[in-house]
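Annotated features, as they stand in Swiss-Prot:
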- 288-560: domain 'Radical SAM core' (DOMAIN)
- C303, C307, C310: [4Fe-4S] cluster binding site (BINDING)
Amino acid sequence: MFLPTTREEMKKLGWRELDVILVTGDAYVDHPSFGVALIGHYLVSHGFKVGIIAQPDWRTEKDITRLGRPRLFFGVTAGNVDSMVANYTASKKKRKTDDYTPGGSGGKRPDRATIVYTNLIKRFFPEVPVVLGGLEASLRRFAHYDWWSEKVRKSILVDSKADLLVYGMGEKAVLEIAQILSRTGDIEKCKSVRGVVWWASQKPEEGIELPSYDEISENPEKYAEALKLQTWYTDPYKNILIYQKQDTRYVVQNPPQLPLSQEELDRLYLLPFEREVHPFYAKMGRVKAIETVKFSITAVRGCFGSCSFCALTQHQTTHVSYRSKDSILEEVRILTKKKDFKGTITDVGGPTANLYGSSCSIRETKGQCQKFCLYPSVCKIVRPNHDEFISLLESIRKIPGVRNVFVSSGIRHDFVLAEKDPDVFIRELVKYTPGQLKLAPEHAHPKVLSLMRKPPVELFLEFKKRFETLAKKMGKRKYVIGYFIVGHPGEGWRENNYLRDFILKHLGYFPQQIQIFTPTPGTVSTAMYYSGLDPFTGEKVHVERSLKVRNKMKENVLFKKKGREKR
């Protein structure tokens, strides 16, 4: 079932009025990989009428008013990625293309889309509450360093003048908000909901206070301190309120929602998604973003890898939940009935596929402890369950109509090597790899890897050797390729040349999978970039801020110039 995008579609459903209207910076793709589709179907499954306005023209009222006034609230998201990341390259150049837009052309979403859409709604529907959500809002919920303007900005809740902000995976919080507003009509009563950020005129009586907006604007060290506190205390099982003064008000973060149970996750992903671009937007052109996920399966939600540059820790916390085998097999059966299904499940996974079935008795009862699960090495308390993941893949392959099953999402090779006999899983993984297994060592220099909170590169080499040796014995031409980041805090020319030499010596090919580090809001790496400090050790960190030098670092590793760069 497609959710309505026009009045005509509402009439066909017999809906005279909508309870909730969701506004997004992406095209409307009715697939569980897209946030508005998940939230929209979840609300509908609980009896609410929901419509979607995708990529509205922000220069006119035509699009934002086409579904009328919602009974309860507008929900606003910039889309699956931060709008500034969507609109600009790592060299701050305007992108000409957008994979989330029909036809692939850029310019269909505004910069700082969450703020722009909220202001547009407030202009034409000033009395209707606006609730923010999605990655952009979640990662900008407190005062944050904004690389594009090169300054610290206030909470996006304050800047946008929205009523509430939902952070993390928002199904439960948005449902509670809808239920409270349906009963009372009072947005103030929604400020007790877990997973919500709100503002207060008075300082909260309890909780953890972060350094204020003024403090972190004037002192980058305070920014590092704020990020550390936010990281440690944002945990559903610690149940701690966090707040930050901004001007004369306080931005208040309630404790996160508890992760969805397996039963809740199962029900969510089996809602009646069309797994297609909505016809209203499909007629405008192809949406490239659906092509890689259309016949994929989300088996895992969350990641406890805690990589410094990754937004997941701040967005979803470190808690991992996973679906039951029965639920996943039922979704595969649904996919096999699609007219354009060719027999291949392109991916079974999530942020990190081989965390499926893993558990930690401490994290799942008391919250994240004062150490990282996989750094500097795999914690002994974390229990992998690769057998269960392999059993799942084997069961999928036996379903009529399925010819191939692939694992294309992240694999933590250090987690595999922590097993007593890693080859048991690696041998099976060879069967489910589509030619090349993509791993993310990210760098080679020990200092940079330590700041990234990534395992030693020697583990990548060990895994690569095991995988390719087993593949050869099995008569399979399958290989491991690496993804790398340059320009990350801690990298100068010495470290960059070290990475170049490593690739030349150990990989034997010129890699194309090289990214320039982008300081996106809310991550540990961005705190390092702005403050010049490791937030968790207080040690000084070298930061390369010159766009010209950062681009040269990429060229150096891509072997576009002969010889090594001088340091």
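The backbone N, Cα and C atoms fix where each Cβ goes, glycine too.
This view paints the features noted in Swiss-Prot onto the structure.
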residue : record                        : CB count, 10 Å
C303    : [4Fe-4S] cluster binding site : 23
C307    : [4Fe-4S] cluster binding site : 21
C310    : [4Fe-4S] cluster binding site : 18
Where C303 ([4Fe-4S] cluster binding site) falls in three-state DSSP terms: coil
Additional residues surrounding [4Fe-4S] cluster, by Cβ distance to the C303, C307, C310 centre under 8 Å: G305, S306, F309, A311, L312, T313, P351, T352
For the domain 'Radical SAM core' (288-560), mean pLDDT (0 to 100): 94
